[in-house]
Amino acid sequence: MSMFCYQCQETAMGTGCTLKGVCGKTSEVANLQDLLLFVVRGIAVYNEHLRREGHPSEEADKFIYDALFITITNANFDKAAIIRKIKEGLQLKNELASKVTIANAPDECLWDGNEDEFEEKARTVGVLRTPDEDIRSLKELVHYGLKGMAAYVEHAHNLGYQSPEIFAFMQSALAELTRNDITMEELVQLTLATGKHGVSAMAQLDAANTNSYGNPEISEVNLGVRNNPGILISGHDLKDLEELLEQTEGTGIDIYTHSEMLPAHYYPQLKKYKHLAGNYGNAWWKQKEEFESFNGPILFTSNCIVPPRANASYKDRIYITGACGLEGAHYIPERKDGKPKDFSALIAHAKQCQPPTAIESGTLIGGFAHAQVVALADKVVEAVKSGAIRKFFVMAGCDGRMKSREYYTEFAEKLPKDTVILTAGCAKYRYNKLALGDINGIPRVLDAGQCNDSYSLAVIALKLKEVFGLDDVNKLPIVYNIAWYEQKAVIVLLALLALGVKNIHLGPTLPAFLSPNVKNVLIEQFGIGGISTADEDIMKFLS
């Protein structure tokens, strides 16, 4: 076994990747990511002690969420970049260690090493370092929730929003994960606390996005192309998009969104740019084919990278920024001294490229985040009371490569016409281009936005609970049938559990990192379930 990773839904054989990641990461990269996470836990222990003394390190705060983000599925495949981050972390850890003394410090605090020692150490600090499978399962569940939370924290930070309370929790949780004597009950409570702070992190990002760009509104998004050279922007970071739009305005270059960047078109302060031309392509996993025909440069702002084939025509057109890493790609450095990122090289490259080749046409409707749906509340409530809407189906989450995900297309197609789908995240691409119609002018697919906008769906549910005078969110006519893929979906799930939502169905498979006993806890306490066939599930959910 040269590595072990089971953090994503597509993990090999449904048990774990041991030779190379299904995502495309090498065993070396996987092991180095384990070592980076090990270093992060040590930094967290030191910074938690410094926080108790009243002077935590802001540099440590940022390093921790940035490093966690790097280890998310499909974010960083660059061995050299991860080694640099480990070295940076060890230096930071040593600086913190000089300021505080810790009795009985864990190995995460004590270990130091040179690059030639990284590989050997990495093999001892991965997932399998914890022998008890239930403790291991819960530790990894918390780890993955923290990774998802870190992504949301970083995007909010880029817009000038941060929370000392969230930093404090993340670091105290990481410190707890260094304990060898931690109990299953303690970890269950830590898991629930992770969900609670996940709600706070999503609320913070929602505030950052809406205060910066306005509340999402019902918007029509073009799926075709124009005749100008284009830049395709993928990932989730709206600040990167804003700066790119500003720097390309008046240059004759059009900007197209890809996958999870689609909801940018719903924000008033982003869609005002006339050269934000449309959305190109589908969910992240189809990029190897779709990027070939785009013809212009592609900018990755966060996880959603699929390493290109060796003979891919677009390899030299890939640009990355933020936590992203891909060997051979052009890197856009971070902001310095409050100045925007410099996209001039990317823009110059785009000017030398042909316009994108059309791969589809038509439009999409979206923008149904919580403020927009609340504005339509009277119409929605009347439709429910009259029986025009029988049930809502929350089908948020992620898309992926597996053929079993065709279930979600079939499920959406077969739902009765008196049902409405509430969605967020790239799971929407399984059904957002189907002609599912509307109910009294309300589209049957209401897209709230990116995966973090699952927060909007929770706010909508809580608002409906209030409007209908119910004492329990689970009494609403809402079914949760969520598709998961990576760690941001994990924090969304934990956040929903923290909000009291029960009977969530998760697919296409349950996570490999859930041991049988942990799975039973989730089933017994929260009603977590899997999926079967579209026909069987629709019959069950509507009964």
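Every residue gets a Cβ built from N, Cα and C, even glycine.
The candidate list C324, C398 contains one residue that Swiss-Prot assigns to the hybrid [4Fe-2O-2S] cluster site with H236, E260, C304, C426, C451, E486, K488, namely C398. For E486 (hybrid [4Fe-2O-2S] cluster binding site), the nearest of the binding-site residues C5, C8, C17, C23 in terms of C-alpha separation is C8. Less than 8 angstroms from the CB of C426 (hybrid [4Fe-2O-2S] cluster binding site) sit S259, E260, A283, W284, C398, D399, C451, each of them six or more residues away in the same chain.
In the structure shown, across all protein chains, C451 is the one of the binding-site residues C8, C17, C23, C304, C451 with the greatest number of other Cβ atoms within 10 Å. Neighbour density at the Cβ, taken as the number of other Cβ atoms within 10 Å, is lowest among the binding-site residues H236, K488 for H236.
In the three-state DSSP reading, K488 (hybrid [4Fe-2O-2S] cluster binding site) counts as helix.
C23 ([4Fe-4S] cluster binding site) and H236 (hybrid [4Fe-2O-2S] cluster binding site) are 19 Å apart (CA-CA, integer value). In this structure, the binding-site residues E260, E486 were compared by how many other Cβ atoms lie within 10 Å of their Cβ, and the smallest count belongs to E486. Nearest by CA distance to K488 (hybrid [4Fe-2O-2S] cluster binding site), out of the binding-site residues C5, C8, C23, is C8.
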